[in-house]
Amino acid sequence: MKIAILSRDGTLYSCKRLREAAIQRGHLVEILDPLSCYMNINPAASSIHYKGRKLPHFDAVIPRIGTAITFYGTAALRQFEMLGSYPLNESVAIARARDKLRSMQLLARQGIDLPVTGIVHSPDDTSDLIDMVGGAPLVVKLVEGTQGIGVVLAETRQAAESVIDAFRGLNAHILVQEYIKEAQGCDIRCLVVGDEVVAAIERRAKEGDFRSNLHRGGAASVASITPQEREIAIKAARTMALDVAGVDILRANRGPLVMEVNASPGLEGIEKTTGIDIAGKMIRWIERYATTEYCLKTGG
């Protein structure tokens, strides 16, 4: 097969591993910067051009689209979909997962347990907002934040009011969430491919922090997950219609709680921690579906 990887930086670990895994299985691979793709949207002869040339047909596309370029990145991916390329995560699913509010609404609708969460743009009554989510301590986040950026733990009511008021001055959407103290700065990242959790790690925050993101200096170890956690991770990925997803789970006293569903999970931390060839599993998923179900679905 001919496979395109959409990424702004082909030197990143995940891109290199996906390229390597695809080549090892006999496929042709090209890494394309989605921002350098430009599209001819024409009912008679749609096409995609890249750095002065018309791109050939690709059997499959692997989107590694960063949050900052979601709008144009998913537009480029849609064009590949229009031309019959199988996407490892469809554009609509990526856009849905990037909308944190919509994601949580969809997960809640499916009965998937979440931390108690409030979202607001410009709260007129900060005190009522804090009461609504159960009071301090609580976590205040910018909806548009990623990798732990724009996330603050407010341990007292006064601190929570100050943080919310400060964020309100940024004219941003604010997410206010209960703090799961018993998780002790740890979460579980489940890597879902299709209908299987192929790997899981526990991420622990560095000392003095509560954010377990590896990009923020957190540490990782292999996690043994329960059948309930496995089921919830798969259900969360299905709810978001993602073939590949990183599902982040907190272990609370009342049971596992889904924190986030990531449409473009990094492979470095989880592959190096577990030793599992996740990139290879993603390529095998493409082999299974790019040549059968998707062609039937799109008429390709």
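Glycine residues also receive a Cβ, built from the backbone N, Cα and C atoms like all the rest.
The annotation ATP binding site is assigned in Swiss-Prot to LYS141, GLU178, TYR179, ASP187, ARG211, SER212, ASN213. Positions annotated as Mg(2+) 1 binding site by Swiss-Prot, on the basis of sequence analysis: ASP248, GLU260. Feature annotation from Swiss-Prot assigns Mn(2+) 1 binding site to ASP248, GLU260; the stated evidence is sequence analysis. As annotated by Swiss-Prot, Mn(2+) 2 binding site applies to GLU260, ASN262. Feature annotation from Swiss-Prot assigns Mg(2+) 2 binding site to GLU260, ASN262; the stated evidence is sequence analysis. Taken from Swiss-Prot, the feature domain 'ATP-grasp' covers 104-287.
Swiss-Prot feature annotations superimposed on the structure.
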| residue | record | DSSP (3 states) |
| --- | --- | --- |
| LYS141 | ATP binding site | strand |
| GLU178 | ATP binding site | strand |
| ASP187 | ATP binding site | strand |
| ASP248 | Mg(2+) 1 binding site | strand |
| GLU260 | Mg(2+) 1 binding site | strand |
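When the binding-site residues GLU178, ASP187, ASP248, GLU260 are scored by other C-beta atoms within 10 Å, ASP187 scores highest. Of all Cβ atoms in the protein chains displayed, 22 besides its own lie within 10 Å of the Cβ of LYS141 (ATP binding site). For ASP187 (ATP binding site), the nearest neighbour among the binding-site residues ASP248, GLU260, ASN262, judged by Cα separation, is ASP248. If you measure from the Cα atom of TYR179 (ATP binding site) to that of GLU260 (Mg(2+) 1 binding site), you get 15 Å.
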